[in-house]
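**Q** Straight from TrEMBL, here's the annotation block:
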BINDING   Gly107, Ser108, Thr109, Gly110, Ser111, Gly112, Lys113, Thr114  ATP binding site
DOMAIN    14-350  domain 'Kinesin motor'
REGION    726-750  region 'Disordered'
Amino acid sequence: MPSIRAPASKQTTTLSVAVKCRPLTKKEQRRDRDIVRVNDDKEVIVLDPDLSKDYLDRVQNRTKEKNYCFDYAFGPDCTNLDVYKTSIHSTIAGVVQGLNATVFAYGSTGSGKTYTMVGTHDDPGLMVLSLHTIFDLIKKDKSSNDFEVTCSYLEVYNEVIYDLLEKSSGHLELREDPEQGIIVAGLRCIKVHSADKILELLNLGNSRRKTESTEANATSSRSHAVLEITVKRKQRNQYRNQIIRGKLALVDLAGSERASETNSGGQKLRDGANINRSLLALANCINALGKQQKKGLAYVPYRNSKLTRILKDGLSGNSRTVMIATISPADNQYHHTVNTLKYADRAKEIKTHVQKNIGTIDTHVADYQRMIDSLQIEVCRLRKELAEKESQLSIKPAEKAVDDELSWLNVLSYETSENVQERINLQKALFELEETNLRNRSELQHLDDAIATQQAIEKDGAVGQALRERRQVILDNIRDNDEAGGTYQKEIEANEKHRCQLQGMIEEAISNNGNKTYLRILSQYRLLGMANTELQFEMAMRDQVIHNQREAQRNLWNLLMGLGLDQKQIMELAAKQGITIENWRESPNMKQLPATGDGRFLPSWSSPQIGGSYSSTSCVFQHQQDFRCMSCSKGQWDSTHTVCREEHHSSYYLLSHDHSPSAYLRTRKSSEHWVSGRPNHLFCTPEKLVQDVQSPYPDMRKSSPWSEGCVASSYLRDSFSQKQKDAWNTNGKQPHEVPLVGTSSSHGSHKEITKHYGEATRSPYGNNPSDLSSLHVFHHATPTNCPDLSKLLLSYATGEPTSFSSHSSEAKGHPSNFV
Ligand SMILES: Nc1ncnc2c1ncn2[C@@H]1O[C@H](COP(=O)(O)OP(=O)(O)OP(=O)(O)O)[C@@H](O)[C@H]1O
């Protein structure tokens, strides 16, 4: 369906105002006086109805006489045709050329609106004359077949729209159409081919209009009637087919009256109220539109009534509009007449913008373009409004600057925080890596020892091969970890560099900014927060070390107690070694444990398992980690480096150190006797040790699960003959307590231990390599220069006073000598 749209060119025109004064009715002639004078077809004079005013009052401007000038003014003798020809005809002719036109009659009740618009048989009104003009023009056109005329007729009664061309019309609603503006949804449009047909429809519609007899008018219109004629014309120019559409709206308004004047009541009163409401809205629109032209933009209350919405185009849009102000000459209508003329005078200022409605058959693209243009204009407007709102809401520049600064600082703080977190993670990773490699190197040392020992015993044996393979694995691990550590180190350096950059940015911001003190405080506050995070990390690391150290100490005590020593023995042993046991008696956490019944006591803080079970937690002592212990010489806490680590719960070992007595393997479970035929060098139970250890402390040995299982690695080289095994077993050792001697993996996993010592560990249990949960490997390392409890334990357990010799020149001899 082709659409019609206005071309870009607009013609601004002013609303035409014509005043028509009707003659006095016969009734009025009898009682009223004519007070309206029309001069020169333009001037309207309303005389003071008070006849007592004399010449002097008029000279001194004390009369109520009013004088107006309009586009057209018609006196009582003028016919509707006169009005039409003079003021309307050209406008109506424009409709055939594609222009919109609106003609409305405005005036008080009984002033002649209906007479002017509809007329009589003898004096046809403007509607009739207009229709005739339209069809005459169409007829005169050579291509009359290309015209299409449609007609609709509606009334607005009590703010409800009815279709006057429908017998029983329902309520119709107004709709806003982007193309056509305000339209009445569902309004019937009848195609007509002659003026007579329209007049027929007009009469039909008028008969359906709501009229009532009032005091002022026997057939007073109670509604506003709008007759709309649309003339559509197809024409072909050299480029394309065009459609020209003109629209004529002829409006007969209801009379404006006061209830008191019309003596109305009930329904009539309500009608009057609504009529007045619409007319008041119309008057307000006219006022606003008049003001708009004089003072610029003003709000026009079109939406205040249905009438003003329907007339919107006619009042300010694309329309040539003629206002016919009808007045009564009767002196008793003075106020209404003056009031009508006052509005008519304001309406003279109203300007409309006339455009020819030309469309093309193929207007789709153009229409879309128009819609786009319209939307873009709307977008621009909204953006502008938004910008204005934002500028109103925006904070002061100084505050904004501070906010920007703070926002920037927040970003910087976030980056700093990320930087710190990254550094912590890198340091943590490096810490763990170094720790792992320390264990690797320690294990490597022992592997070298073990390999050397193994080679001395059996060249190219399977165990030696396993040890060498393990050594290679450890070497690879060390290399990989060193490489990874180097990478971490570089990343830490890069991180540190970034930290310096961030700090530099913050300081630069502080030095460049006006509010230096505030920013400096803010910066310090945030940097302190970062430093605090780092300190917390360090504290956590130290806490971990302390925790592990305590755990190790507890385990050492467990072992010591497990050997069955009593307080006196331990103290004497410690004294021999130059070890001071702090607050042994005084400590509230320490107490003697008579429950053992053998005079032994155990420190209650050392382990919850004391006296019964023994911790299976492993301890690893290594250099280079901060470990504090009580120095016997200074009586103070000395720093030495130790890291304690729990490897797994079923295995328990101590890492050996270069000068320490090396390793212990212990089997806990086996119902079998010592199996012969195994490599003696790995399974040695030195008779001497057993006898020496056992004889002074027979009870202790029996009571301790460890007593029979700890064998010094120094006996590794001793042969473990069948005789010795028998001696071991016949000395009251339980088969499942057969000690194993060897070096363990510092990584301590059963799998790894099995891998390297599988032959040895399996042997006591037959050929059940999977039975590893019973295997416990002790691998002890005693830090040099650290006379801690581990030394005490080892010295006693191994029976090797020489194990202390490198650390303490005074402490020599068998542990039994100490006690
Ligand atoms: N130009 C005229 N010549 C002769 N009689 C006229 C003229 N104008 C109006 N009248 C008469 O004046 C009376 C009122 O006219 P009309 O009904 O048109 O007034 P109105 O303004 O439409 O009133 P309302 O607002 O109540 O409908 C009618 O009797 C009408 O015949």
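Any Cβ shown, glycine's included, is placed from N, Cα and C.
TrEMBL: automatically predicted annotations, no manual curation.
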**Q** Please check the binding-site residues Ser108, Gly112, Thr114 against ligand 1 and give me the ones with CB under 6 A, sequence order.
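**A** Once distances to ligand 1 are taken from each Cβ, Gly112, Thr114 fall under 6 Å.
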**Q** Helix, strand or coil: which one is Gly110 (ATP binding site) in, per DSSP?
**A** coil
**Q** For each of Gly107, Gly110, Gly112, count the other CB atoms within 10 A of its CB; which of these binding-site residues has the top count?
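**A** The residue with the densest Cβ neighbourhood is Gly107.
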**Q** Other than its own, how many Cβ atoms are within 10 Å of the Cβ belonging to Ser108 (ATP binding site)?
**A** 24
**Q** Could you say which of the binding-site residues Thr109, Ser111, Thr114 has its Cβ with the most other Cβ atoms inside 10 Å?
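**A** Neighbour-count leader: Ser111.
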